[in-house]
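According to Swiss-Prot, the protein carries these features:
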- Arg10, Leu11, Asn12, Tyr13, Lys68, Tyr125, Arg129, Ser133, Arg193, Leu194, His195: substrate binding site (BINDING)
- Arg63, Met64, Val65, Leu66, Leu67, Lys68, Tyr78, Thr79, Lys85, Gln107, Gln142, Ser143, Trp187, Arg197: FMN binding site (BINDING)
Amino acid sequence: MDGVSLADLRLNYTQGGLIEAEVADHPFAQFHIWLQQAIAAELPEPNAMTLSTLSEEGHPVGRMVLLKGLDERGFVFYTNYDSAKGQQLTAHPWAGLVFWWAALERQVRVDGQVEKIDPAESDAYFQSRPRGSQLGAWASPQSRIVGDRQELEDNLARWEKQYENQSIPRPPHWGGFRVIPHRIEFWQGRPSRLHDRLQFNLLDGQWHRQRLAP
């Protein structure tokens, strides 16, 4: 391919390091610190993350989603349960997450088991969404083949009419998943590709931290 050589594209990471003495003892606390710093830096969609699942054939499948909840139980995102990722997570309830904050030269990897969140939590979040997003959850048969864009627009118009001047309930096929981590890795870019990698592993209910070679 013509253009700039991919082999020549590289940055030298110089913003900082990741030293054990400066890292929180609990990975959720450290993640919260980094997420708040990404928000303060006004990065675009700092809660965006790659979600990796397994297909029916056992192949890895990745896509970007948004983190919408975080507490001591895990990382929460919302989707159509009948979508490809929803069906994959139901069949194989394990997932990997990756957060990439390029401007801060940081990455976080999360591996864990997946569960559906309580319907009441999904109801509460759904009611906080903009009305257009609520209607979109009804109108889109996510991951299914549609004839054209007009089919989606017609679906949206139909649901707009049905719920005109009414509150919109959460579709039964839409809700949240929680990734319950057993491993969280924090990566900080460093010069000469000698990056910092600190990994937390959950063993017998306790988090253990170790340094990995880059």
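We count from 1, first residue shown onward.
Backbone N, Cα and C define each Cβ position, glycine as well.
Of the listed binding-site residues Arg63, Arg129, His195, the Cβ environment within 10 Å is emptiest of other Cβ atoms at Arg63. The binding-site residues close to Lys68 (substrate binding site), defined as a CA atom within 10 A of its CA, are Tyr78 out of Tyr78, Lys85, Gln142, Trp187. On its own chain, Leu67 (FMN binding site) has Asn47, Ala48, Met49, Phe75, Val76, Phe77, Leu97, Phe99 as residues at least 6 apart in sequence with a Cβ closer than 8 Å to its own Cβ.
Between the CA atoms of Arg10 (substrate binding site) and Trp187 (FMN binding site) there is a gap of 17 Å, rounded to the nearest whole number.
Of all the binding-site residues given, namely Arg63, Tyr78, Lys85, Gln142, Trp187, those whose Cα is no farther than the 10 Å limit from the Cα of His195 (substrate binding site) are Trp187. For the recorded site, Lys85 (FMN binding site), the DSSP three-state label reads helix. Residue density at Arg193 (substrate binding site): 10 other Cβ atoms are found within 10 A of its Cβ, drawing on all protein chains shown. Nearest by CA distance to Lys85 (FMN binding site), out of the binding-site residues Asn12, Arg129, Arg193, is Arg129.
Comparing C-alpha positions, Arg129 (substrate binding site) sits nearest to Val65 among the binding-site residues Arg63, Val65, Gln142. Taking the C-alpha positions, the distance from Trp187 (FMN binding site) to Arg193 (substrate binding site) comes to 12 Å. DSSP assigns Arg63 (FMN binding site) to a strand. The Cβ neighbour count for Asn12 (substrate binding site), using a 10 Å radius and every protein chain shown, is 10.
Each residue contributes its Cα atom, and for Asn12 (substrate binding site) and Arg63 (FMN binding site) those atoms are 27 Å apart. The Cβ of Lys85 (FMN binding site) has 23 other Cβ atoms within 10 Å, all protein chains considered.
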